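*Asks:* My questions will all concern the structure given below.
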Amino acid sequence: MQNLNKTEKTFFGQPRGLLTLFQTEFWERFSYYGMRAILVYYLYALTTADNAGLGLPKAQAMAIVSIYGALVYLSTIVGGWVADRLLGASRTIFLGGILITLGHIALATPFGLSSLFVALFLIILGTGMLKPNISNMVGHLYSKDDSRRDTGFNIFVVGINMGSLIAPLIVGTVGQGVNYHLGFSLAAIGMIFALFAYWYGRLRHFPEIGREPSNPMDSKARRNFLITLTIVVIVAIIGFFLLYQASPANFINNFINVLSIIGIVVPIIYFVMMFTSKKVESDERRKLTAYIPLFLSAIVFWAIEEQSSTIIAVWGESRSNLDPTWFGITFHIDPSWYQLLNPLFIVLLSPIFVRLWNKLGERQPSTIVKFGLGLMLTGISYLIMTLPGLLNGTSGRASALWLVLMFAVQMAGELLVSPVGLSVSTKLAPVAFQSQMMAMWFLADSTSQAINAQITPLFKAATEVHFFAITGIIGIIVGIILLIVKKPILKLMGDVR
């Protein structure tokens, strides 16, 4: 770890390296959420439109976006492993940034489905390499007893939210209003800024941090890894080819189905691996058992929350009034702008929850209660979305304020689930599987989006009310079940609350 001077106050009293990581993550999130804000629209926009897209069916477009999200979170396992065993965190982050940049450049080219699949592959792999490791780098800027650590992470999260907040406004406006490929170009430019900020700042402020892998392979293990990787790549290419040959017309749907299965099976393998490991003590196994209902609940939560870039995006474009008149003034709304409501309400509501938990102290609700209430709020947010269809039918346009209200309630639910889930994942983790348990939390999101790839195609005008109602009720029921069974879960959790 770098020897840091605690008296150095150049970035809100924090180490100067934090500014580098803040800027890197700001631009990476700008790139990620900017692209995601317009991706589904690009996929189903007609090829003959003035702002042409790929002309895919809406159901297929939503499934592709869901699978993309699932693989992004699944790839974080690979990124963490590469940093720990092969390259070190620093080089892994930079390589990931290069791959993301190349992916956005590929999306900016007018080569149709070919460039789409190449681009998504590069962005998925690059994000998996950058995302988990840059958070780890923030921690390495501080010694374990440095009181500035928590504040540093809070500042880092502000960078994430700021990038997420402005991305839909800039990339969305240009992408939908002018040209999709130009919008993707802006996302690529954002990643170039991220790469430059990281390269320049790393050399100046923390050249030694993350330079080497923490658990490097010996030469024999490295050779075996390269052989295994070569075999996996060859098998994947052959499988890809056979899947296409089996049914060219249904290739995309078959590909989505295969990836959905992978997204669901991987967490099961992880749980089995931890439960059967001889390194896990009996007390740790009980805590791991307590984590299962929380993990399953998180899948339900993320399945609803992650539909903001698919189902909610489609609803915003096809069902909301994009030219509302407020206070006598007519506004125009680009549908992609709705994606900024998520980070906006996170920014607005976070201080309220922080102050509430600080005030309650030891009297604040347990993890199980927070999870249950969060899921119930998330379910209620979807029940809110049934009202436009119930009140006025599903053929016309509804007020944009329905989406504002939905996001406000849903983000309140997220603040009860997401930070608590991160925290409890570390607390319930067996000593031998600390990093893997953090990966499990990301896998809950991955699994939820793998499931979404199968259920989002069910959403259409004729099923709108039923879809929102059933999905919302499921969220509420799961939340209620958690509250009912909280005592046996808390008993399994032991001293963790």
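Glycine residues also receive a Cβ, built from the backbone N, Cα and C atoms like all the rest.
Model, not experiment: these values are computed from the prediction.
For reference, Swiss-Prot lists these features for the protein:
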type	residues	note
TOPO_DOM	1-36	topological domain 'Cytoplasmic'
TRANSMEM	37-55	transmembrane segment
TOPO_DOM	56-64	topological domain 'Extracellular'
TRANSMEM	65-83	transmembrane segment
TOPO_DOM	84-92	topological domain 'Cytoplasmic'
TRANSMEM	93-111	transmembrane segment
TRANSMEM	116-134	transmembrane segment
TOPO_DOM	135-154	topological domain 'Cytoplasmic'
TRANSMEM	155-173	transmembrane segment
TOPO_DOM	174-181	topological domain 'Extracellular'
TRANSMEM	182-200	transmembrane segment
TOPO_DOM	201-224	topological domain 'Cytoplasmic'
TRANSMEM	225-243	transmembrane segment
TOPO_DOM	244-254	topological domain 'Extracellular'
TRANSMEM	255-273	transmembrane segment
TOPO_DOM	274-293	topological domain 'Cytoplasmic'
TRANSMEM	294-312	transmembrane segment
TOPO_DOM	313-335	topological domain 'Extracellular'
TRANSMEM	336-354	transmembrane segment
TOPO_DOM	355-372	topological domain 'Cytoplasmic'
TRANSMEM	373-391	transmembrane segment
TOPO_DOM	392-425	topological domain 'Extracellular'
TRANSMEM	426-444	transmembrane segment
TOPO_DOM	445-497	topological domain 'Cytoplasmic'
*Asks:* Is it the case that the transmembrane segment (93-111) and the transmembrane segment (294-312) touch, counting contact as three or more CB pairs under 8 Å in which the residues of each pair are 6 or more positions apart?
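*Replies:* These two segments do not touch.
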*Asks:* In terms of Cβ proximity under 8 Å, which residues at least six beyond the ends of the topological domain 'Extracellular' (174-181) contact it?
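*Replies:* Hits for the topological domain 'Extracellular' (174-181): 34, 37-38, 41-42, 45, 51-53, 107-110, 334-336.
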*Asks:* What else in the chain is close to the topological domain 'Extracellular' (313-335), if you only count residues 6 or more beyond its ends and a Cβ gap under 8 Å?
*Replies:* 37, 40-41, 58, 62, 172-173, 176-177, 385, 388, 394, 397-400, 402-403, 459, 461, 464
*Asks:* For the transmembrane segment (426-444), could you work out the same-chain residues 6 or more beyond its ends whose Cβ comes under 8 Å from its Cβ atoms?
*Replies:* 73-74, 76-77, 80, 84, 132, 266-267, 270-271, 274, 277, 279-281, 284-285, 287-288, 290-291, 295, 298-299, 302, 493, 496
*Asks:* Looking only at the recorded stretches 65-83, 116-134, 155-173, 255-273, 294-312, which one has the largest tally of CB-CB distances under 8 Å to the transmembrane segment (336-354)?
*Replies:* 155-173
*Asks:* Are the transmembrane segment (155-173) and the transmembrane segment (37-55) near each other by the rule of at least 3 C-beta pairs under 8 angstroms (pairs 6 or more apart)?
*Replies:* yes
*Asks:* Give me the DSSP three-state residue breakdown of the topological domain 'Extracellular' (313-335), ordered helix, strand, coil.
*Replies:* 7 helix, 5 strand, 11 coil
*Asks:* Under 8 Å for C-beta pairs, could you tell me which stretch among 116-134, 155-173, 225-243, 255-273 has the largest tally with the transmembrane segment (65-83)?
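*Replies:* By the under-8 Å Cβ criterion, the transmembrane segment (65-83) pairs most with 116-134.
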*Asks:* Do any residues of this chain, six or more beyond the ends of the topological domain 'Cytoplasmic' (201-224), have a C-beta under 8 angstroms from a C-beta of it, and if so which?
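*Replies:* Distal contacts: 1-2, 15-17, 19-21, 23-24, 83-91, 93-94, 133, 136-137, 140-141.
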